[in-house]
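Each remark here refers to the structure printed beneath this line.
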Amino acid sequence: MWLLYLLVPALFCRAGGSIPIPQKLFGEVTSPLFPKPYPNSFETTTVITVPTGYRVKLVFQHFDLEPSEGCFYDYVKISADKKNLGRFCGQLGSPLGNPPGKKEFMSQGNKMLLTFHTDFSNEENGTIMFYKGFLAYYQAVDLDECASQSESGEKDLQPQCQHLCHNYVGGYFCSCRPGYELQEDRHSCQPECSSELYTEASGYISSLEYPRSYPPDLRCNYSIRVERGLTLHLKFLEPFEIDDHQQVHCPYDQLQIYANGKNIGEFCGKQRPPDFDTSSNAVDLLFFTDESGDSRGWKLRYTTEIIKCPQPKTLDEFTVIQNLQPQYQFRDYFIATCKLGYQLIEGNQVLHSFTAVCQDDGTWHRAMPRCKIKDCGQPRNLPNGAFRYTTTMGVNTYKARIQYYCHEPYYKMQTRAGSKESEQGLYTCTAQGIWKNEQKGEKIPRCLPVCGKPVNPVEQRQRIIGGQKAKMGNFPWQVFTNIHGRGGGALLGDRWILTAAHTLYPKEHEAQSNASLDVFLGHTNVEELMKLANHPIRRVSIHPDYRQDESHNFEGDIALLELENSVTLGPNLLPICLPDNETFYDLGLMGYVSGFGVMEEKIAHDLRFVRLPVANRKDCETWLRGKNRLDVFSQNMFCAGHPSLKQDACQGDSGGVFAVRDPNTDRWIATGIVSWGIGCSKGYGFYTKVLNYVDWIKKEMEEED
């Protein structure tokens, strides 16, 4: 209840009749002239009214009236709801009268009547007495219309809610139990259960009036809708009773249950349905009744459980499910990986990772992948080499092994210090799907040309005047050039030509462009060489000390030609080695000079060679002075041959090398380059000392390596 206490101005009463008070929530009522004595021979009735939905509460703050037996002379009479609430007079503590004291007077309705009556005089034992009268406060108090009917007998005070009554300050409203609908009169209820919706995670549902008889002619639809990912469980309680027939199944009344739109049962009779795990978050219960019957109906409790997904199962023995759980439910997930050396495959697509999530319908959002062994693919081809499988031929999957090797004896695998060639060339297909070597990683090895090891080396133990025709494979490094006439050179590695600078830039001639450089390799016959085609030149490098304009100075007479493409080495095409010490220039050491130059004043068609000793430097200097020549003979040159040998390099042999066999390694070394001389077979020949230019040669070759 809500009580409102406030004061308002005093109300003065007049003799005779009734005085209505304007409808307010609170106020006061006084006797005339209060607190002065009230007049004689006075009667009036004050009507106190509060808004509908409230009751009137009245309390006297001050009360001083003439006392009398039975309050016959002066009195205040209070009535409400057609009932007399009392007749009062006197004062608190007087021997006569009936003062109200602090008693609270309460109406059942929104009206209260207060009648004030005085007689013709106020005397006591011949003495005139003065009485102040009364002061009373009233207030509106909320009326609980939903409480039981008062004893006043006023039927309009009792709400006629058929089902449920709800009180509020100043009024009330009616509502109906689930399955019923409030009618237009706002008091009565009629069955209406065609669209009952339940969304809580658990609860109870029953037929109307359960466990009393349900109403006739029902068409009820109870829908349970919970969050996706939950599954509903139904458990029917006792008693279960729906009209039935002994011979026909549920002809009168029936309860139908649907889950996911599918009918999972139709029930009647007295046998309680079994418990249902619907595997659905949506269930509908349809209850139909005919016009008769007195069965008690049904009631169920529904609960929810998070939906579960089936236990994930791998498709092969190589798939691994991380942290496998005993069960998986909605929103759980699992991660699948592969054992070492295998990779995830979904359809035809390679996956880097795999995660599957349990969906709200109890299925995984993607199918289990399979694990396929890693395939490293076909091993890369090794230039100037090949590979062989040390495991199953043609199988390139995880743990497969191959051995790279070079085409010997023409190439040899580059190895690190302290490592073996077999270790350098052994590659394994790793778990990452990459061919890998323990030392070199993914990088494949290199096959380096083997220098100075001809398959068919020259054998010459005697001097032959005018030289000798070379056989195939005697001088496989020999190069035939045709620039400013015939010239020679030697193969270094598989794409460099060592030659004399003056074959490219002859003394007192103009420079020649790369386009006119003709280079041939791989045969001892000129005509056959021409058939093998020219090797294009990518770059020409002339030593900076070479001076084309100084005709008697062949200082720095050395050059390098870089081929556009590497050549493939073989028995007739092999490089020569570079010197690494001065012993290759010891006096009398025999060397070989080969070329396609002039022989007996005729152009040679075949490769020929001569065998010459390294000459004494002083003898060569003396011989030059005897010829009255001003030619420069520097420390970067050496001489070979002897005036008595009648053998020498000649025109067309320039650029070829002076080749010496190293007895310690059995390798052939290019110690010199045919540079200059005086005539052919008429004395000493002069050669560029290659040892003094090895650093320059290596630097030039490394720039493009």
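Cβ from N, Cα, C; glycine included.
Among the candidates Cys620, Cys650, the disulfide partner that Swiss-Prot records for Cys639 is Cys620. The cysteine that Swiss-Prot pairs with Cys376 in a disulfide, picked from Cys309, Cys429, Cys447, is Cys429. Site annotation for Ca(2+) 3 in Swiss-Prot covers Asp243, Asp290, Asp294, and the matching candidate from Asp253, Asp277 is Asp253. With every protein chain in view, the residue among the disulfide-bonded residues Cys89, Cys165, Cys406, Cys639 whose Cβ has the most Cβ partners within 10 Å turns out to be Cys89. Note: the Ca(2+) 2 site is recorded as Asp142, Leu143, Glu145, Asn167, Tyr168, Gly171; in the same chain, Gly53, Asp144, Cys146, Val169, Gly170, Tyr172 also have Cβ atoms within 8 Å of that site's Cβ centroid.
Cα spacing between Asp119 (Ca(2+) 1 binding site) and Cys89 (disulfide bond): 12 Å, rounded to the nearest whole number. Put simply, Asn167 (Ca(2+) 2 binding site) is 49 Å from Cys358 (disulfide bond) when counted between their Cα atoms.
Report note: the Ca(2+) 1 site is defined by Glu66, Asp74, Asp119, and the residues of the same chain whose CB lies within 8 Å of the CB centroid of those residues, excluding them, are Asn40, Leu65, Ser68, Tyr73, Tyr75, Cys89, His117, Thr118, Ser121, Asn122, Tyr131. Cβ neighbour count within 10 Å across all protein chains ranks Leu143 highest among the recorded positions Leu143, Cys146, Cys376.
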